[in-house]
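Some features that TrEMBL has for this protein:
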ACT_SITE  SER128  active site, phosphoserine intermediate
BINDING   ASP78, HIS191, SER193, GLU350  Mg(2+) binding site
BINDING   ASP78, ASP355, HIS359, ASP396, HIS397, HIS474  Zn(2+) binding site
SIGNAL    1-25  signal peptide
Amino acid sequence: MMDTGSLGATWIAFTCCLCFVITYSSRNVCCLHVANAKVYTEQDRQYWIENGKEKVTEKVKYVNKRGVAKNIIMFLGDGMSLTTLTASRIYKGQMEKRSGENEYLSFEKFPFVGMSKTYCVDKQVADSACTATAYLTGVKANYKTIGVSASVKMDDCPGSVAPGNRTQSIADWSMAAGKAVGLVTTTRVTHASPAGVYAHTANREWESDINLAEAKNLTDVTQCEDIAKQLITRSPGIDIKVILGGGRHMFFLNDTDKKGSRKDMDLVEFWKKDKAERFGNDKSAYVENREQLLNVDPSKTDYLLGLFENKHMKYHLEADATIQPTLAEMTEKAINILKKEENGYFLFVEGGLIDVAHHETVARLALDETVEFSKAVQQAVDMTSEDDTLIVVTSDHSHTMTMAGYPVRGNDILSLSGSFGIDKLPYTTLSYANGPANPQPNVNCARQDLTNVDISKLSFAYPHLVMMKDFETHGGDDVMVFARGPWAHLFSGNYEQNLIPLTMGFAAGVGPAASVSSSPAAFTSAGLRSVVSSPLGTLTGVLLTTLVVRRVCS
């Protein structure tokens with residue numbers, strides 16, 4: 001251990017060397033200022049060079065963070081394909097009166113990006129159930145199944161209750177470590193993606209006891225419980241501290257003014273009674289609209305259940321903003337409640353209506369929901385620290401929307417491309433490989449002439465090649481993963497989707513991968529071993545960074 005005199009001498013040497021570095025670099029800094037005196041435009045060669053140098057400089061200054069992730073926030077843009085990202089960032093810019101192509105969604109600025117493979121064990125193109133099992137429990141599963149291994153086929157109720165076939169989610173791992181858990185979605189809280197946090201089922205459609213009863217001829221349903229009941233009465237659902245989304249229909253009895261679907265019990269009343277008995281009458285709140293949500297006092301509320309619609313929540317562009325909260329508002333309230341937790345938390349946030357809009361080929365709504373999702377991510381970024389909170393943003397699967405043609409720069413991303421097909425008819429920049437038949441009833445499969453069609457309508461269904469009976473299908477291509485915070489660099493590269501929760505768990509010191517290699521607890525939140533906090537280590541970092549930046553900027 002250094003004595004006081006040695007430590008003082010080291011700091012003096014460090015200060016002298018730092019002054020030398022600053023002085024030595026000043027000439028280049030001044031030259032850079034002179035070089036930047038000229039304002040370049042995109043037509044200038046140097047514009048792109050300077051733009052690139054700026055980005056390189058940002059990257060070389062970034063230090064990988066290797067401290068323990070006290071908090072984990074996972075954002076899931078359901079159906080948010082790569083094309084959706086591109087089109088949405090353009091849409092965002094154009095809504096703000098810019099061309100849009102060079103815009104960024106909030107999470108596209110994160111320092112680390114990877115790609116995940118989304119297939120189910122039994123399907124090339126996945127659904128939201130098997131993917132939820134992968135990115136929340138670390139186990140790939142079969143189509144339409146949630147929280148069970150691939151040993152369980154769809155509709156196999158007896159197989160789904162076998163302990164050896166059930167998976168544990170990152171919610172289970174977090175609770176075992178004393179962390180709180182929250183769940184926010186714009187879909188039904190019993191829908192496939194959020195159900196991956198807490199449920200075990202052989203069919204994602206068994207959301208209510210009525211749905212389960214309808215499958216009695218397919219399997220022995222007496223052994224199973226529906227998804228809503230699992231959320232409210234079973235672990236880990238019963239201990240989730242924040243639950244916000246749609247789906248009232250699945251929780252209330254069918255003989256009440258709440259227009260529920262259940263025949264067995266009122267799950268909201270069960271939730272209220274359970275929380276009052278366990279934690280007191282003043283520790284929980286149930287809300288059904290935006291005003292009630294905003295009036296919840298996070299400092300006095302430990303458990304919050306909010307069900308804002310009978311089914312899915314309404315699209316942002318179609319909702320009454322005075323009644324329905326935004327995804328960003330729900331995210332803000334969830335974080336304010338969970339951040340009180342001494343041991344941290346895991347929060348799952350889903351922008352679920354991106355997927356719903358794509359299924360209807362209503363691209364305008366899909367892009368707008370993606371921008372709303374981006375706002376929610378930014379809300380979380382603004383409320384948390386990169387030193388102790390890992391934020392991961394990804395999608396469960398893609399969709400069949402493509403962006404094609406050669407539209408001019410700044411062309412409305414939602415309009416006609418400016419080109420024509422061999423049939424001399426115009427086509428939209430965005431289109432789908434398949435989609436519902438209703439908007440395109442022409443039995444001869446001739447393309448619709450869009451010349452005089454009002455494409456600006458929210459309900460306009462974009463053209464598609466193959467007519468489907470009901471909805472557009474998912475796509476099978478890889479999806480993006482964006483990460484910031486402790487151990488975010490581990491999310492780089494291309495990998496199986498089931499790696500995501502295991503890596504999040506590693507960063508937080510929970511779950512099956514918590515003990516892999518060196519424990520995160522052995523590292524400081526600055527991203528380097530404790531020796532780097534010494535003056536000599538700091539000086540080394542300053543010197544290396546300065547040399548690299550000088551080389552890049554020279």
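Every residue gets a Cβ built from N, Cα and C, even glycine.
Automatic prediction, not curation, is the source of TrEMBL annotations.
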Other CB atoms, at most 10 A from the CB of GLU350 (Mg(2+) binding site):
31
Within 10 Å of HIS191 (Mg(2+) binding site), Cα to Cα, which of the recorded positions SER128, HIS359, ASP396, HIS397 are there?
SER128
Other C-beta atoms that fall within 10 angstroms of the C-beta of SER128 (active site, phosphoserine intermediate):
26
Out of ASP78, SER128, SER193, the recorded positions in the record, which is closest to ASP355 (Zn(2+) binding site) when you go by Cα distance?
ASP78
Just the number: how many Å between the Cα atoms of ASP396 (Zn(2+) binding site) and GLU350 (Mg(2+) binding site)?
10
Can you tell me how far the Cα of SER193 (Mg(2+) binding site) sits from the Cα of SER128 (active site, phosphoserine intermediate), in Å?
6
Among all the protein chains here, how many other CB atoms are within 10 A of the CB of ASP78 (Mg(2+) binding site)?
29
Within 8 Å of the Cβ centre of ASP78, ASP355, HIS359, ASP396, HIS397, HIS474, which other residues of the chain have their Cβ, at the recorded Zn(2+) site?
GLY79, ASP127, SER128, ILE354, HIS358, SER395, SER398, HIS399
